[in-house]
Each structure stands twice: as structure tokens, then as C-alpha cells.
Amino acid sequence: MLSKRVIVCLDVRDGKTTKGIKFKGNVDIGDPVDMARVYYEAGCDELVFYDITASHEKRGIMIDVVRRVAETIFIPFSVGGGISSVEDMRDVLLAGAEKISVNSAAVKNPKIITQGAEAFGNQCVVLGMDVKKVEKSEKIPSGYEIVINGGRTYMGIDALWWAQEGERLGAGEICLNSIDADGTKEGYELELTALISENVNIPVIASGGGGIPQHLGDVLKEGKADAALIASMVHYGTYTIPEIKDHLKSQGISVRDQLQ
């Protein structure tokens, strides 16, 4: 049985790690390089770095920060935000990331998924999906709609269709973020996560809403996710990575042991 992964997300604005609720009210909480080192040493399985302003404000990825973070940790590391071309992908991978995450750019230009997969391999391309629950309709039969630009723009695209299309185009993994749950610490969107996980053949990372260790247990079991992304619950010192993993083990969930 493959071990489930605990992934820490570092949202970065203007070179500082930040955290908001439903993409609003962001406050600075620390230096991303220092925080990356802390989480790596604590035993997180992967790290995700998002330049959360890059897509909206059309700024390039902060390559220097990416390089310094990648030099600090020795676990898989993905980078997203402002990546809109194969050249952007190459720059980030050369800076030290193992994976690149495309979200808004892929919605606007789906070919970027295929181009990235062909250039660097499927395993390097993560399809980031920001999703909001809406009324079911002929256009959005699943009741979950794709939004972009930090949740500001509704795209009229059904989330289930887009997940399957992303896989067909070459994405090797999906990072599925519920805007409704993001930052609330009230639990992941289990229905959404299970819907996507059951209907694609690539790993799904659940994102948005983790507040207590049991929330991870729920989404890894009921939501059938392959990994859970966390931020608030560790950024503010509420829980540690070892505490979270110990809880998951107590639930019969296979997780990787901390590196010694």
C-alpha cells in the first residue's frame, strides 16, 4: 500500500509567507526559506511554494526565493504561480523544483499541460484546480465550478470535466483546492475530493480546510485523496508534523516515517 503524503503549503506574497482565509485578508507569517527548513526537518513529505500574486498581477516567479528554498530542503518540492509557458517551467525546474503547478494558465491555454509533460515528463506537471461549489446545471453538472485568479473569476467550466481533461492532456497529479474550505480550518471538501479521486487515474492532493489531524484522516480515507495539503494548522504552531502523522497512523493510514 502506497503511503499517504502530508504536504505543507507555503503561499508567498512579496517574498514573505502569507496565509489568508478564502484568498482574502492575507497576513505575513514568516520567511519562506526558514519555514521550508523547519518543515523539512520536522518530517513533511513534500513542500509546495505558491507565489499567490504572480498570476493575478502577471509577475514572474521569484526565482531567487525558489532557488534558496530548493537548496534548503531535500524532499520533493513543487512551485506554482505565474507559470504561463514552457520557458517559465524550465526556469523553475532549473532553480531546483521537482514539479511545477499550473492553474490559471492551464485554464486559459490547456496546451501548456501537454507541452510541459512532453518537455519534462508527466510527473513534473501538477494541475492546480481552484473550485467553488455552485448550483448544478447543464453547464456545471457536478455542481463544482473552476475559478481562477485567486477565486476572483468564474470560468463556467465543470471541475470533474476539467480534472479528467487535465489528465488526458498529460498532468501527472492534481492539486484540488476548495475555495469554500480554504483557510477555514473546518475540514476538507470531502464530497468534491472523492468525486475527483474516484474519476481520475492520477494522484489527487486535497487542499483547503485542514484544521485538525482528523481532517486529514477524513480526506485521505473518505475523500480517497493520495495526499493532504496543510498550512494554517502548522504555520501557527497548533500542531506539528509528527503529531499529525502519529494521528494518521492511529487511524490505520500508512504514512512515511520522519527522516532521521
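Start at 1 and count along the chain as shown; that gives each residue its number.
Glycine is no exception: its Cβ is also placed from the backbone N, Cα and C atoms.
What you are looking at is a predicted structure, and each value in this text was computed from that prediction instead of being measured.
The Cβ neighbour count for Asp11 (active site), using a 10 Å radius over every protein chain in view, is 24. Marked as active site by Swiss-Prot: Asp11 (among others).
The active site annotation in Swiss-Prot covers Asp130 (among others), and the record cites sequence analysis as its basis. Every protein chain shown contributes to the tally, and the Cβ of Asp130 (active site) ends up with 27 other Cβ atoms within 10 Å.
Here the C-alpha separation of Asp11 (active site) and Asp130 (active site) works out to 14 Å.
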